[in-house]
């Protein structure tokens, strides 16, 4: 355990708080801004998904190596470098003249983000004793609750009254503040490192990109064959990673993790459930602005109840799980979320906006309970070195699910509009129906849990 100065002991958690706030604000501020960005870049608002997917996919690819880099080159150096890269990416995003340039800039931004928050969390774990860690972490993650509430509303007002460039430029003053804090407070911590599994890293990265591109190309007219080929190639690459991991003593992700039943059920359930849910925050602002013609600020305010519901349910999550068990909560909550997504498909008039508020508030509460339950049951039975590798894989899995989910939702919308010639509103409604049914079916996966699973976690 590193010896902290009184100033470091008091203010070091603020470093993670700033990093988390900056990263989550950047993720949530973008969705309400996409239609205006599309107009400025000369693109269709319904073709902007890669501005979001590229970021989530890059996070998934680079998160696994953040710990290795921090151990080898020092937590202080890597954290400060991450902030610089994130800010450079933000500047490039703001200067983007085309969608392709924006996608490339988001990749740069995500490389910084992939190191920034995980390394900040690692710094706290290594700097505080276990009896103080929970208190420190709970304080540091408060911005993770506030940013989703602020992001959509702030993004709406920025693009409505200034220009879309400022949704990225707003990161610069926060980045400068975080850099100054990090330079003064973050200790330089090193660890002996094993050689990184670069072969496994490249195989995993290529497979993740292949699956995402397969979904994208599969929905486009005349490109279905390319989508099929990419899907087959990605499957082969995933198989190659499994073959490689079985023969390596220290693979990128140990396959032995999947011998633990609750981890296996949790990680796959996490993927499939988020697959359906993750498309909603991307699609909903588009529906509100493109179809119902709400202003960006109105759309932002209508998304705020999701965050309100998520914050409001937090104190009750443990009590609900303790009362009904992980198995019961996950099965019924997933089913209920699928029903809520289907309810979104029933809206066909901008005048129905009052009904959005209770529906999205309940959806936010269900999301919060779902993610808390899935995350804790996934890593609850891990011990020793399994905990860090399992936690890393879970973080990667979450980002992959976001990229797959958005790609899947956007692909469905494209398929319904371009191939089946549906009007835009009907295409949105049908997409919500399919996502809702998929989410309900994914809830059946949690029936594999036993009623007593996770009993010692609350």
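The backbone N, Cα and C atoms fix where each Cβ goes, and this holds for glycine too.
Here is what TrEMBL records for this protein:
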DOMAIN    12-454  domain 'Major facilitator superfamily (MFS) profile'
TRANSMEM  12-30  transmembrane segment
TRANSMEM  50-70  transmembrane segment
TRANSMEM  77-97  transmembrane segment
TRANSMEM  103-124  transmembrane segment
TRANSMEM  198-219  transmembrane segment
TRANSMEM  225-243  transmembrane segment
TRANSMEM  271-292  transmembrane segment
TRANSMEM  298-317  transmembrane segment
TRANSMEM  329-347  transmembrane segment
TRANSMEM  353-374  transmembrane segment
TRANSMEM  395-416  transmembrane segment
TRANSMEM  428-447  transmembrane segment
Spatial neighbours of the transmembrane segment (428-447) far in sequence, C-beta under 8 Å, 6+ residues away: 265, 268-269, 272-273, 275-277, 279-280, 283, 286-287, 291, 326-327, 330-335, 337-342, 344-346, 348, 408-409, 412-413, 416, 422
Interface present between the transmembrane segment (353-374) and the transmembrane segment (298-317) (three or more C-beta pairs under 8 A): yes
Contact set, same chain, for the transmembrane segment (353-374): CB under 8 Å, 6 or more residues outside the stretch: 266, 269-270, 273, 277, 280, 292, 294, 298, 302-303, 305-314, 317, 320-321, 326, 329-330, 333-334, 336-337, 340-341, 343-344, 347
Long-range environment of the transmembrane segment (198-219) - Cβ separation under 8 angstroms, sequence gap at least 6: 50, 53, 57, 60-61, 64-65, 226-228, 230-231, 233-235, 237-238, 240-241, 244-245, 248, 251-253, 400, 403-404, 407-408, 410-412, 414-415, 419
Model confidence over the domain 'Major facilitator superfamily (MFS) profile' (12-454), averaged pLDDT: 90
Same-chain residues near the transmembrane segment (77-97), Cβ under 8 Å, at least 6 residues beyond its ends: 15, 19, 22-23, 26, 41, 66, 69-70, 104-116, 119-120, 123, 165-166, 168-169, 171-172, 175-176, 178-179, 182-183, 186, 188
The transmembrane segment (50-70) versus listed stretches 103-124, 329-347, 395-416: most Cβ pairs under 8 Å: 103-124
Contacting positions for the transmembrane segment (12-30) when only residues 6+ beyond its ends and CB under 8 Å are counted: 4, 51-52, 55, 79, 83, 86, 90, 109, 113, 116-117, 120-121, 123-124, 127, 136-137, 139-144, 146-148, 150-152, 154-155, 158, 167-168, 170-171, 174-175, 177-178, 181-182, 185-186, 281
